[in-house]
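The following features are taken from TrEMBL:
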- A:32-52: transmembrane segment (TRANSMEM)
- A:33-237: domain 'MacB-like periplasmic core' (DOMAIN)
- A:267-291: transmembrane segment (TRANSMEM)
- A:270-389: domain 'ABC3 transporter permease C-terminal' (DOMAIN)
- A:312-341: transmembrane segment (TRANSMEM)
- A:361-384: transmembrane segment (TRANSMEM)
- A:409-427: transmembrane segment (TRANSMEM)
- A:433-455: transmembrane segment (TRANSMEM)
- A:483-504: transmembrane segment (TRANSMEM)
- A:741-761: transmembrane segment (TRANSMEM)
- A:744-858: domain 'ABC3 transporter permease C-terminal' (DOMAIN)
- A:793-816: transmembrane segment (TRANSMEM)
- A:828-848: transmembrane segment (TRANSMEM)
Amino acid sequence: MSEPKPVFNTQVPVSWLFRMAWRDSRKNRSRLFLFTSSIILGIAALVAVYSFSDNLQRDIDDQAKVLTGADLIIDGRKAISEPVINMLNTLGDQRAKEQSFASMIYFIRGQGSRLVQIKALEGKYPFYGEIETTPAAAVKQLAQGRNALVDKTVMLQFNAKPGDSIQLGKLNFAIAGYLDQAPGQNGIIATFSPVVYINLKYLPETGLAQFGSRIHYSYYYKFNQASTIPALLKKIQPVLEKEGLDHETVASKKQNTARSFRDLSRFLSLAGFVALLLGCIGVGSAIHVYIHEKLAAIATLRCMGLSAWDAFFIYLIQLTFIGLAGAITGAALGTVLQFLLPYALKDFLPVDFSMQISWTAIFQGVITGVVIAVLFALPSLLSVRKVSPLNAIRLSFEQAKTKTDPAKIIVYLLIFLFILGFAYLQMSSWLQAVIFSMGLLTTILIFYGLSFLLLKLVRKALPTGIAYVWRQGFSNLYRPGNLTLMLIVAIGLSTTLIATLYFVQGILLNKVTLSSGKTQANMVLFDIQSDQAKGVNTLAKQYHLPLMNQVPVVTMRLEEINGKTAAQLVVADSLNKTKVAGQENERRESSSSIFKREIQATYQSKLTDAEEITSGKWTGRVSPEKEPVYISLDERYAERLGVNVGDSILFNVQGMMLKTVIGSLRKIDWVRMQTNFRIVFPAGVLEEAPQFHVLMTRVPDENISAEFQRAVLKKFPNVSVVDLDLVLKVLDTLLGKISSVIRFMASFSIITGWIVLISAVRSSKNQRLREIVLLRTIGAREKQILAITAIEYLFLGLMAAAAGMVIALAGSWALAVYSFETSFSPQLLPVLLLFTLVTLIVVITGMLSSRGVLRSPPLEVLRKDS
Amino acid sequence: MLFDIFKQALTQISLNITFNPISLETILNIKRVSKQYENAGSSLTVLHDINFSVPKGAVISVTGPSGSGKTTLLGLCAGLDRASSGSVELNQVVLDQLSEDQRAVVRNKYVGFIFQNFQLLPTLTALENIMVPLELRGEKNIRPRAMELLDKVGLTDRANHYPVQLSGGEQQRISLARAFSNTPAILFADEPTGNLDGETSEKVIRLLFDLNKEAGTTLVIVTHDLELASRTDRIIRLKNGVIIADEQKAYV
């Protein structure tokens, strides 16, 4: 009897696993790459966004001084008292000051007028960067006389040239040049409020700076030693606060700018991430089919003694490398794409954007790509371990039903954690991250549910007597291991994205145009002084214009709510809300900003048609000596303030403290184009406060509009006129620009959905081959086979488009009703058009991708297959 | 790192396998083996109380009509599956309590396979297919041995061809070379000529017997081809999951 042999020392070297992974991929590489191509765009989007953020952050850091133009800015919205002015005049090493306000300018040669932002400047501001003008020397002329720099878009609008004159209030100015870029201003702001610079010393003569005018006062400082600023600020802070002045430093500006663009980057990277996830679902499903085809090979290897985990590792290695290849390709593409992103966003950018390759972004993108590709492939990969060697000797060996693989549950958990973690990295709030992840999960689940239902429904609804090709085409959707549901989700989600984008744009535009209907006001005159109100009315009547809405406006600030100041409330807030960390932050920010913000209130004795009391009692008039003053709040504003009927609020009406009690809450129909106010006082208290009036009217056409504007400007130079048609146009452009950014990001998801479709069709190629050969063998004609294939994709496209449309309609309806508070009535034609388009694309893509299969002769196919 | 830890764990498991050296002459010992499949509450008995043993170096065949349990029996003998009851002993190793991975190690060490549909790995060349079992053992200097086997089956010129580029007969010859590459103690052939025409079948069978004689391997052929079965030393006939005959050739 011989010694028992050392049987179990077999150790497969790790290098062999790699070699096997390499060999096994040899015949499948192009196919494997197609799988990963669905993540390429997602990674590309992420890398583009990351690179963009990196570059933007760097540019903001580099150009922060240019953004502020000074080391310190102190500003406020009301006239500053003498002693404080004296103090302000001693700060810093160099000083400049500016008063800015909205006003009409009149182009004398072109006879046109337009509301602009006047900046009356004294001193050498900006200390950093410059006011960019054409000709460049024009900026020097500002200090030398009655010259003005006029925003280039306005210049173009009125076809004005340097040397022309504009009238501003009672004074004429010569246009020294085109204003190309004011410090810290980006394209979008310029479109909304074009800037005109003049010299501050001429401001009094224009007669525009009067009691009640809404002027923004700014003081700019340059410090030779910027390090002294924090100490200085600490010292003067109480004075500034008392005077209602704000301050901004280079550092705070840097922070604020970066913060607002961080939100943009977050949005963009989440959009990219959605595309990536969509691609990953595609990868996961394609790998499922791939592994299914590998069953026989895996079983054979198992017969020869390969251990279950080694088999798993072979495919894990393979998939990791393919994922890496996809991620690297995506990162490269993203690095190229980042050059497009600033192009799409240029109007929103505050700084000159400089492009650099960001290796951090590339690294992040590649890692994300590999991790996510592997994670989504793992559920299929794990089943490699469960492949029985019996598969090698039995063609259709049915695996005994085993309990759910715990490893799979762990993987699904990991996937969710990864999504959650990624969302957290973008949003830095767990609450938001959870909401995002759950929202995403719910959407996908809803999609799966809906697709499932649709499939069932069609199956039931399909008449039994229908032609064979139709039945066959439809039942092809049920091909074992088919990716029908996944495809419906991927294509459907893309459809939802496009459709929702389209609907929301429609809702927004509709909302705006709704308010500019035939009978609605289309011109607003504001800054009408109390003594001018009658005169303006008479003038309007002379032009046969209706006086549609005429209200007084009083500017004020919140001082105390229920006897508590802003600071006290912030503390109280944080004590109340410590439980939910994310919300607490938001709340604190909002309550402090509510106190900071200027409030425009009105007083009236009657409610307007757009207002409706929802709780409490409306008080129309009080006598000044009789307390309390019952005011009425917009119910949503009250909600944000956290107040209710009976609470008391102390207002600071430009220096006068006014005690009030909330008497009622109103619901306001904001859609109506009229002046609506969050806070309405009863008549009898504010009549003597500094105020201006607003008049709304409707001008029948452009000519009368221009004539009337000219007349108003001549008689009442301080009155500003807003042409709502112009505002609508600007809004339209803005919406167009925003939606082009969103479309840019959404296109990643859409194209990904399309690639997923191609890759899914390709991955079921072998199955299709077998079917078609079988059909041919039993005598199906080419035409019939083509029809069956087309019908299969027709059903797929129809269902995906239907699912996508249903969800887009539901989502847009919810957005319209709950978010924009308007009705939702989508137009039928574009819906149908999109529906048809999606279906067509699916059919065409499906047919083109199966072309090879459809064309190849059966014998060749059979041989390849064996 | 992960790989190494994992390997160690596997080796640990493997070392717990028990040896039961009853008879050195017996390479395969089947005792009271039954196999049932549970499906949706009902159980189907595929094999019932099977008993036989195979001495080292024997060439036997298992025959029977379709559905008689031949392939199931092969799966149990080769350690591809576990019996519902009874005991399977392969080259002195009791397979009954071994895990799937432990049985894989046993297969790699002692067992060779020839399949009806060849089961060559489609992504590997002919030569690489032959090398796989040796590579799995972590052996060195494999290529010359694989080339030698390739030469024995007469397909040296096809070394770098992929399975799809080979005819059925050629594929089965590669599969023979692969089966013998790890010098198995026992070789299982499942309908080795099932997918081949008569002439090619004859060539493959002759090659199989020649290689077997040269290597002195125990050969178990599962087939319903009685002509092929008649060329083996012993025929075990199965019907409805039981052995209905176990015939030794007269001259044995």
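Every residue gets a Cβ built from N, Cα and C, even glycine.
Most Cβ pairs under 8 Å with the transmembrane segment (A:312-341) belong to A:32-52, among the candidate stretches A:32-52, A:433-455, A:828-848. Comparing A:267-291, A:361-384, A:409-427, A:433-455, A:793-816 for CB pairs under 8 angstroms to the transmembrane segment (A:741-761), the maximum falls on A:267-291. Ranked by number of Cβ pairs under 8 Å to the transmembrane segment (A:361-384), the listed stretches A:267-291, A:433-455, A:793-816 are led by A:267-291. Counting residues 6+ beyond its ends, the transmembrane segment (A:433-455) has Cβ neighbours under 8 Å at 270, 274, 277, 281, 416, 419-421, 423-424, 426-427, 477, 484-485, 488-489, 492-493, 799-800, 802-803, 806-807 in the same chain. With a threshold of 8 Å between CB atoms, the same-chain residues lying at least 6 positions outside the transmembrane segment (A:267-291) that come near it are 28, 31-32, 34-36, 38-43, 45-46, 48-50, 52-53, 315, 319, 323, 341, 368-369, 372-373, 375-377, 379-381, 383-384, 419, 422-423, 426-427, 436, 440, 444, 481, 483, 486, 489-490, 493-494, 742, 745-746, 748-749, 752-753, 755-756, 759-760, 763-764. Under DSSP, residues within the domain 'ABC3 transporter permease C-terminal' (A:744-858) fall into helix, strand and coil as 99 helix, 0 strand, 16 coil.
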